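As structure tokens, the structure follows; a few thoughts come after it.
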Amino acid sequence: VKYSNRVSGYLITFTSYKTDWPSISNRAQGKAEQPAIRVGFFQLFRFATCNEVLMMVVGSVCAVLHGSAQPLMLLVFGLLTDTFIEYDIELNELSDERKECVNNTIQWKQNYTTAILDIEYEMTQFAFYYVGIGAAVFLLGYFQISLWVTAAARQIQLIRKMYFSKVMRMEIGWFDCTSVGELNTRMSDDINKINDAIADQVAIFLQRFTTFVCGFCIGFVKGWKLTLVIVAASPLIGIGAGLMALFVAKLTGMELQAYAKAGAVADEVLSSIRTVAAFGGELKEVERYDRNLVSAQSWGIRKGLIMGFFTGYMWLIIFLCYGLAFWYGSSLVVDTEEYTPGTLLQVFFGVLIAAMNLGQASPCLEAFAAGRGAATIIFETIDREPEIDCLSEAGYKLNRVKGDIEFHNVTFYYPSRPDVKILDQLSVAVKSGETTAFVGPSGAGKSTAVQLIQRFYDPKEGMVTLDGHDIRGLNIQWLRSLIGIVEQEPVLFATTIAENIRYGRPDVSMDDIITATKEANAYNFIMELPQKFDTLVGEGGGQMSGGQKQRIAIARALVRNPRILLLDMATSALDNESEAVVQEALDKVRMGRTTISIAHRLSTIKNADVIVGFEHGRAVERGKHNELLERKGVYFTLVTLQSQGDKALNEKARQSRASIRQRSRSQLSNLIPESSNAIPEEEEEELVEPAPVARILRYNIPEWPYMLFGSFGAAINGGVNPVYSLLFSQILATFSVTDPVAQRKEIDSICLFFVMVGVVSFFTQMLQGYAFSKSGELLTRRLRRLGFHAMLGQEIGWFDDHRNSPGALTTRLATDASQVQGATGSQIGMIVNSLTNIGVAICMSFYFSWKLTLLILCFLPFIALSGGFQAKMLTGFAKQDKQAMEAAGRISGEALNNIRTIAGLGKERNFVDMYEAQLDAPYQAALKKANVYGACYGFAQCVVFLTNSASYRFGGYLVRQEGLHFSLVFRVISAIVTSGTALGRASSYTPDYAKAKISAARFFQLLDRVPQISVYSDKGDKWDNFQGNIEFIDCKFTYPTRPDIQVLNGLNVSVKPGQTLAFVGSSGCGKSTSVQLLERFYDPDHGRVLIDGHDSTRVNVPFLRSKIGIVSQEPILFDCSIAENIKYGDNSREISMNEVISAAKKAQLHTCSMTLAIIRDPKILLLDEATSALDTESEKTVQEALDKAREGRTCIVIAHRLSTIQNSDIIAVMSRGFVIEKGTHDQLMAVKGAYYKLVTTGAPIS
């Protein structure tokens, strides 16, 4: 019998409570306005066909029959016990002087006779019963699992197909509001959750529930009195579990709240890492963070103590229950003789097994809830009708298309940002056969207008017409087939060049492809490639250079022979040579087509027929190049800055990659390339070698006394199981004692012993809980502190990587550090517990009967295997499923990331077909898995029956032939079977453990990383009379996260001590970047920055930063008092209140950040657009304060308003990463160059 799980059942019941609570509370906060689960359980099966329903019904019947097997076994077991006891009583009688055994018959010395049992024959019968039940269990288990899993695999296959094809039909606006990452997760994880909810879990739930019902039935039918007594005590356990869940939820809440404070500190600091670095506040912040960790730690320890207390309480109650049940039951057996000993066991175990299975059925309910939650969104998507259905047949097609496009009063908002008006009453006409250029600053609505022509969106008001027809009335696929589009960053699919071009038009011949590539200037470079047209372009076209990708994309657009050509900044991502080539190609193909070109470069716009200037969602000017220059409007400012930059470039004769305004398409589409990069990077992150346990323990060394005591408690807890089987078999032995007084006395002493064991385990559980939580929480706090310290020590470039965004880092501090606990504290407890359990059990068994022990040990590997296997099954075959789904995932990922391109080409249907083809392999795998899985499950279930059958039969033999006392048979069998399941349970604890090791590894990666610019080191030059003489010598720089964009391109400029230098230029020209190099947030890639003649890379970082005061665009203040914020300015010493006040007076306290800068008494003052965030009134005041502050200090100003810099010593005008002209205000005005134009037109600099 599985007395085995006896208690583990109760344990499972309340551990599942434990895990449930926090998740429920989170869910409640999440969506109060509408429930997260809007799908009923049976609606999950809405896609099932008759076949599948039949399979599920048969599977359910098997599950119910299987569930009744365990209680059935109890009936056999009761009879078996009675037989043993009867035999023993007879043996006792034989030892009576007055009786003798004649021909197998015990008789009085007179002729009174009774027959003696043939114990071996009886045991053989029972063995057959067991084998029979075992075989039935194997078959039922196999069918119940394999039928359900197969049925689920079929339904999931269908759901996947329907979901993907529906997603591909959605309008683009829907994709803006739903991130691609989220969709990918839904396609993999959420559908897997539905799978879990409708597959084997249902069968297992039915089986366990049946066992629960049957167990109680047996209890009530066989002996209702004892059943009621046991049931009466169970509310105590329920109350314990409930209270524990309540307290744990409460304490977890408290702990999270306490940690939230520290987390807020971390988040605040990491978000404003530049400010912290500039003021050298790293160590101060680590202290502040650490102070906030203390309360979280104490709550965590309290939680451990309370969990220990309740676990102990449970065990105490359970043992008291045993004591009570056996005491009362034995009085029913001995005194009133209502029960046989077998009945007592049937009732007792019936109720136990019932309670245990109820506990084990509860995790299934979680799976069902998770499945319903996942299905909610997926089914809603499947049922949603797209607003612009790209696969619909509706809409008419025009016979002749001229190509006149007109916008009539179009107003438009992106669905993802309904509060931002992008187009505002836009009216523009584009004549057929002409080339129209759209120009204007970022966000003016140029790209949006192009997307409306493709009908990615419908305007909120007004309409877009083609040849006078509203495009909403035209067939979408047909409309898009007229349009060829070349984007700024063209998307190629991971296939050959020829296939990529074929995406333009499916039935195209090779000759057409060649013609198109020739027109696009792509033919020559393709022919030079070894595989020519069959060259694979790589994921996202990664194997090709920008210019090559662009020309393939142009060829793809041309193959369609489009009436309308849309060029969205088609050449902006290229260097000059490729640009010239691509531009030439574009000029060739524009002839005779309606062309709309969006561009920022003059060279591409000059020769357009009409230029339309956009600003704030309206078309504000229209005309030819020269007309617009005279108007001095939007177009003029764009041109002025550019031509100056171009001249300077040509003078320097630099043909490097430089492009002004690397502005990409509207902010929205920006999300798209990033999300496609983000996916592979997350995978990279996962490939961490799990950390060695030794290293984790090394961090935990200071807590060794706690761990020692905890292990001691765990060892005693482990010994409790075998002691239980000792007491249990001892009770059976008392039933065969013939002398009633001795019997009663023995029974009482055993029940007392139960109580003692309960009390001991109460204290040891508490000890174990407290000791391990204390050591674990201290470790977590230590790791968090170290991790935070390490993060603040990294160079600024590290924070630019999106994987190290403040959000990601704070999460890492919160979760990774607390997961590492799983590898030390409680895990050690678990291991010690299991080991002592097994050790004690085996020693005990060998002592009582080594032969029987050896026999059972043969089965032990199978029992442990089945235990481990079931644990593995609960976590599911998730790994293999994931791999099988990878190919399909790649297709869906590629499709979703490039949905705009696919929609523009009208290729949705192709991708749906490709996806469905890829689903076949995982589906076949799932069917195969169903059989393997079913067989394994059946085996795992029947192995215990077989063990029992063999061991009782052999036990019968030993009792008969070797005079072994029958109670020892029970003792040995129950001791070993329990320890076997303990083994299985220990192996099931590994997931946490593996997770902990990976978390630890990620953490150690962070601790071991050596920053390129070290904040904490004492190395580097320091000198006394710091003057503030600054020189930039030929500095080149690219941001580490955007290595393809050259920000500084040979910057040369110098400032003498006490002078003021002002940088002027359009945004993105490298003004702020040069300041960041001076602060040493970054080091230049090439060239040098000299400070007082010292190379900046050799200067001690804290020393350098302590000499620089910085006032930035939007000063960041910390969440503490104003005085504390001001003191922050100098973290190297304690600052008196008087100093604070005088600094505040100097800065007129308008901006705290200024005060911050002044209190350090810096030698160099950096003002990064310091007054741009203020109104004119405050600007004046602040300006005065700044002028005062500048006296006697070297000063660098970056300004957006010319008024602020007129009186600087040097004004440097920057463009494209270098200085195009410099001098004082008057000198520059005399030159009449770029600066002059800016001042006279009053145009905004940025």
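Along the chain as shown, residues are numbered 1 onward.
Heads up, the Cβ atoms here are built off N, Cα and C, so glycines get one too.
Annotated in TrEMBL:
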TRANSMEM  53-80  transmembrane segment
TRANSMEM  127-153  transmembrane segment
TRANSMEM  227-249  transmembrane segment
TRANSMEM  305-327  transmembrane segment
TRANSMEM  339-358  transmembrane segment
DOMAIN    405-641  domain 'ABC transporter'
REGION    650-683  region 'Disordered'
COMPBIAS  656-679  compositional bias 'Low complexity'
TRANSMEM  704-727  transmembrane segment
TRANSMEM  747-772  transmembrane segment
TRANSMEM  828-848  transmembrane segment
TRANSMEM  854-875  transmembrane segment
DOMAIN    1030-1241  domain 'ABC transporter'
Compare 53-80, 305-327, 339-358, 704-727, 747-772 by their Cβ pairs under 8 Å to the transmembrane segment (828-848) and return the stretch that comes out on top. 704-727
Before we move on, state whether the transmembrane segment (127-153) and the transmembrane segment (53-80) share at least 3 Cβ pairs under 8 Å, counting only pairs 6 or more apart in sequence. yes
Long-range neighbours of the transmembrane segment (53-80), counting only residues six or more past its ends (CB under 8 A): 1-2, 45, 123, 126, 129-130, 133, 136-137, 140-141, 143-145, 147-148, 150-151, 202-204, 206-211, 213-215, 217-218, 222, 340, 342-343, 345-346, 349-350, 353, 357, 941, 945, 948, 952
Who are the chain neighbours of the transmembrane segment (704-727) in space, where the CB to CB distance is under 8 Å and they lie at least 6 residues beyond its ends? 3, 6-7, 315, 322, 750, 753-754, 757, 760-761, 764-768, 770-772, 774-775, 824-825, 828-830, 832-837, 839-841, 844, 970-971, 974-975, 978-979, 982
Any residues 6+ beyond the ends of the transmembrane segment (305-327) with a Cβ under 8 Å from its own? 7, 10-11, 14, 18, 226, 229-230, 233-234, 236-237, 240-241, 243-244, 247-248, 251, 344, 348, 720, 724, 727, 731, 747-748, 750-752, 754-755, 757-759, 761-770, 773
Could you pull out which residues elsewhere in the chain have a CB under 8 Å from any CB of the transmembrane segment (747-772), counting only those six or more residues past its ends? 301, 304-309, 311-313, 315-320, 322-324, 326-327, 330, 334, 706-707, 709-710, 712-714, 716-717, 720, 723-724, 727, 730-731, 734, 825-826, 828-829
